[in-house]
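Q: Before I ask anything, here is the structure I am working with.
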């Protein structure tokens, strides 16, 4: 009997060429499909909620797939994680940088991408140049004016046309209007943690938002310029694209 | 004029085959020598204080070398770090996992290995299985009895024959007697931090000590068994070799 299975997945994006399967490249989708195929003895294709870029991490990525393999679903995380760990059969020496947190059976019409109603991303900026954290955060020596950044963030929250915050090169979209329901900026020691929740995100949208907020935080822009950037509907108006290693796909919400 | 230069070096050992230069392998010594050679236009050989193993990290490794290149020594860290960073000329895509903290001119008779009078190693054990920390600590789910471990550590401190704590495969040594001047075990949340200072260490000595102390901490051994292990002068008597990713060469002391 066919089962529609949802996986909740954590990964360290450092050594992946992003989520999406690509011939000859190590990707998260490719690694998971490779192990599922090893178990099932036939090709299995999984649908990820979010196509994270190279170097971007996930605390709670999701993916769904259909199979009829007679393996108890609740045992799947343990079995898959053994394959991803040291000594496993992962294609790339199995360095343990993927972990399946949960596997659940879903109704037949569930789809990890199309059933998604929102996501939360986390972005970490650190002042320290600690080499052991170089792939885990955006290391920025400048001090940031968090009050100004929060002021600017207020213009982002709500339903807006986010065309200015979209990089070229993504998939074509019907509309560039999105709703950001929450954007928080917390200071933890010499670390700045930005969390943004929305119903959907354009290509590189979080990283361009963060880059723009950093420019507000360093005084290069005033907070109310964010309003003009949104109104202008032009990527040139917004700030730089913050680097991928600070970005974590934190949580996904389903209908 | 020839200058004898001491470098203080930090590195993330994850993607190195250890310190020592080896043909066809990415090693810390190899990377640093490669960049120095690029600058000087001729082969430069450096002497590291400690030959750390594959996967072992350094907060304060040292190395010395002699050259007559007319570059102000104080500028060397900045210049070398640019080469090790993203976009640098490091042989292996320059992933930024080496950082030179300091460069100093030393008297002609100084040698990073022969002038060393002691070192401190740190070892980190974490109960959490956080995939983002998998290469930075020994991840061990068992809870540890720190009081028992400290009890066992008392037998290690002092001048002893540490033959039981020496792995085979190291360089031949005149004697296996060493003096451990300090061994501390601190609990920081779900992390255990062990620091050990001594005048010298045998091959894998810290990792075998940690493995043995972990066996005390999990109740597999009693603290006073450490005394018998030392007396027996036999590697078989001691515990397992704790994995490399928890080990950091923290500091080096010179005469």
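Positions of Cβ are set from backbone N, Cα and C atoms, glycine also.
All annotation found in TrEMBL is predicted automatically rather than curated by experts.
What you are looking at is a predicted structure, and each value in this text was computed from that prediction instead of being measured.
TrEMBL lists these features:
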type     : residues  : note
ACT_SITE : A:53      : active site, nucleophile
BINDING  : A:121     : substrate binding site
DOMAIN   : A:10-83   : domain 'Pseudouridine synthase I TruA alpha/beta'
DOMAIN   : A:156-254 : domain 'Pseudouridine synthase I TruA alpha/beta'
Q: Rounded to an integer, what is the Cα-Cα distance in Å between residue A:121 (substrate binding site) and the residue listed as 'active site, nucleophile'?
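A: Per the Cα atoms, residue A:121 (substrate binding site) and the residue listed as 'active site, nucleophile' stand 13 Å apart.
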Q: Which residues of the same chain, at least 6 positions away in sequence, have a Cβ lying under 8 Å from the Cβ of residue A:53 (active site, nucleophile)?
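A: Looking at Cβ-Cβ distances below 8 Å from residue A:53 (active site, nucleophile), excluding near sequence neighbours, one finds A:13, A:18, A:19, A:204, A:244.
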Q: Could you put numbers on the helix, strand and coil content of the domain 'Pseudouridine synthase I TruA alpha/beta' (A:156-254), residue by residue per DSSP?
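A: Its residues fall into 31 helix, 32 strand, 36 coil.
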Q: Give the mean pLDDT for the domain 'Pseudouridine synthase I TruA alpha/beta' (A:156-254) on the 0 to 100 scale.
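A: Averaged over the domain 'Pseudouridine synthase I TruA alpha/beta' (A:156-254), the predicted model reaches a pLDDT of 96.
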Q: Tally of helix, strand and coil residues over the domain 'Pseudouridine synthase I TruA alpha/beta' (A:10-83) according to DSSP?
A: 27 helix, 15 strand, 32 coil
Q: So, three-state DSSP: helix, strand or coil for residue A:121 (substrate binding site)?
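A: For residue A:121 (substrate binding site) - judged by DSSP and reduced to three states - the answer is strand.
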